[in-house]
Structures are given as C-alpha cells and as structure tokens.
Amino acid sequence: NGSDPSPPFFILASIPGLEAAHFWMAICLCSLYIVAVTGNCAVLFIVKTEPSLHAPMYFFLCMLAAIDLALSTSTVPRVLSFYWFNTREISFGACLVQMFLIHSLSAIESSVLLAMAVDRYVAICHPLRHAAILTNAVTAKIGLVAMARGVLFFLPLPLLLLPLPFCKSRELSHSFCLHQDVMNLACTNTTPSVVYGLIAILLVMGLDSILICLSYILILKAVLRLASWKERLKVFSTCIAHICVVLAFYVPLIGLSVVHRFGKDLAPLVHITMGNIYILVPTVLNPIIYGVRTKQIQRRILNLI
C-alpha cells in the first residue's frame, strides 16, 4: 500500500547539484559550531568564576549558554556527519528524539528570554526591590519552570507522530528533523498533530514574544520619565544586549516558520539555509553579543587571552 507504519529511517536533505561542495559547507558549519561551543563555554566559566557576575541576569545568561550548547550539539555533529561521510539516513527513533530536543530546547530558550526581559523590567522600573524580588532561589525556580514548560508542551509532538504510517518518500527538507517536516511525510490525517503543534507554538513562543514586547513597552515608559536624554540612553543601554539576543532568536524562528508555511515550492537551498540559520545563528551570536556589551566578561576574556 506504499506506506510503512514504522519506517526504519528518514533521509536527510541534500542540495541538488552541490554535493561536491558538501566538504566545504561542512568546514563552514564546523567553524561556526566551534565558535558557538567556545563562546558559550567561556560565558559559563566566566560567570562561575567572577563573583561580581553572580546576579540573576547572568544566571539567566548561563541558562541561555547551556541551552545553546545542548541545541547545537544535538544537531550540528549529525549534520557534519552527513556532509563529510554522506550518512544521509537517520533512524526513525533518533529523528524523533532530535526533533523533541530541538523544539523543547527552543521553548526553554524562549522562556529564559522572557525571564531576562522581566529581570530588566524589575531592574529599571523597581530598582530598589530588584534584589528582594529576584533572589537566587527565585532565579533557580524560574529555570526549573522554564525546563518543565518546554518538556511538557513539546513531549507530545513525537508521541503524536509515533503511530502514524509514512509513505515511501522519506526525504526531509532539512539536514535535521523538525516536527512539521516529519509530519508532512505521513500518509494519513495529521490534523491532531497540526493542531497541537500550533497550540504549543502559540502558548509558548507566541505568548513569550507578546510578554517580552509588553515588558519593553513598560520599560520605555519608565525610561521616558527620566529628566535628560543622557540618563535615558544610559538606562536603556542596559537592555541593548537582551534586545539583540531576542531578535537573533525570534527572527530566524519566524523566517523558518514562513518558509515551512509558504515556501513549499522554494529551492531546497532555501530550506536548508534557513534551518541552519535557525540552529546556529542564535548559538553563535548570543555569547558574542554579551561579550561585547558586558565589561566584566570583556575583562575576563582579555585576562584569559
């Protein structure tokens, strides 16, 4: 009947006509991966060893670095194996595990970015109460809630795909496994999976983005009440790094969603490029942004060098 209720593998996407360039593409990806791992490990080490950085904002930054390490490590080595050794097949179980890790870690990162926005709001709008509101215990609880939220919301995604029959065409449109990509290969009704995936995205990333925007509206109101432009710029400059990190996360996420929704007829290069940007750009940029914007991190990096 042309379907397999339990497919043994999926086929990772390659770019037609560019197979000879896979080696050099892998070199570029490997270089970005090394930058991401080195940068995020440096952030974790510096915050751990620098007592002046033992504050909620930098604890959240450590959470962000750990998430980026896990996200890039769950995808990039497998992509490099494909490009260097032409191992295009990925088992059904490994694909579902990778898909769960990508989506759940992205949800956790979104929650941490929201927590960092709340931290900036409290620090600017209620500075005298900041230490009392965001204690170390509260920061740890927020991290645990973010982790539980990501796991609980996105654990059903692979479970909904597990019993579906898949057609003979098992080639994905990315070099790793994403929910919508795998779901499109099923040769049966996928409405429950579609509806739940949309609900999960809206209740996590969608809600987080709205609350982040709301927090910055309140921050802008507080900043505009200050007497001089110099004071306004000085206070708002403490948010620049977080704003850049939020954009580095949400812009590739929105771009990838648009490609999935409206770009079915686009060239495979577009899908693969957007997928790699979504996985690698935030993990590479986050430590660089905070390294540039945080004097204590700059100083420690220079000392290490």
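Each Cβ is built from the backbone N, Cα and C atoms, and glycine gets one as well.
TrEMBL lists 39-290 with the feature domain 'G-protein coupled receptors family 1 profile'.
The annotation transmembrane segment is assigned in TrEMBL to 20-46 (among others). Sequence-distant contacts of the transmembrane segment (20-46) (same chain, six or more residues past either end, CB-CB distance under 8 Å): 14, 53, 61-62, 65-66, 68-69, 72-73, 76-77, 79-80, 82-84, 86, 276, 280, 283-284, 286-288, 290-291, 296-297, 300-301, 304.
Under the heading transmembrane segment, TrEMBL lists 58-84 (among others). Under 8 Å from some Cβ of the transmembrane segment (58-84) lie the Cβ atoms of residues 12, 14, 22-23, 25-26, 29-30, 33, 36-37, 40-41, 43-44, 47-48, 90, 98, 101-102, 105-106, 108-109, 112-113, 115-116, 119, 136, 139-140, 142-143, 146, 175-176, 245, 276, 279-280, 282-283, 286-287, 290, all in the same chain and six or more residues away from its ends.
Per TrEMBL, transmembrane segment is recorded for 90-118 (among others).
According to TrEMBL, the feature transmembrane segment maps to 130-155 (among others).
Note on the transmembrane segment (194-219): residues 103, 106-107, 110-111, 113-114, 117-118, 120-121, 124-125, 149-150, 153-154, 156-157, 160, 179-180, 183, 236, 239, 243, 246, 250, 253, 257 of its chain, located 6 or more positions outside it, place their CB under 8 angstroms from a CB of the stretch. Look at TrEMBL and you will find 194-219 (among others) tagged as transmembrane segment.
Listed as Cβ neighbours of the transmembrane segment (240-263) (distance under 8 Å, sequence separation of 6 or more from its ends, same chain) are residues 64, 106, 109-110, 113, 116-117, 120, 178, 180-181, 201, 205, 209, 212, 216, 270-271, 274-275, 277-278, 281-282, 285-286, 289-290, 292-294. Per TrEMBL, transmembrane segment is recorded for 240-263 (among others).
Residues or ranges marked as transmembrane segment in TrEMBL: 269-292 (among others).
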Long-range neighbours of the transmembrane segment (90-118), counting only residues six or more past its ends (CB under 8 A): 6-12, 57, 60-61, 63-64, 67-68, 70-71, 74-75, 78, 142-143, 145-147, 149-151, 153-155, 157-158, 161-162, 176-179, 182, 200, 204-205, 208-209, 211-212, 215-216, 242, 245-246, 249, 253, 279, 282
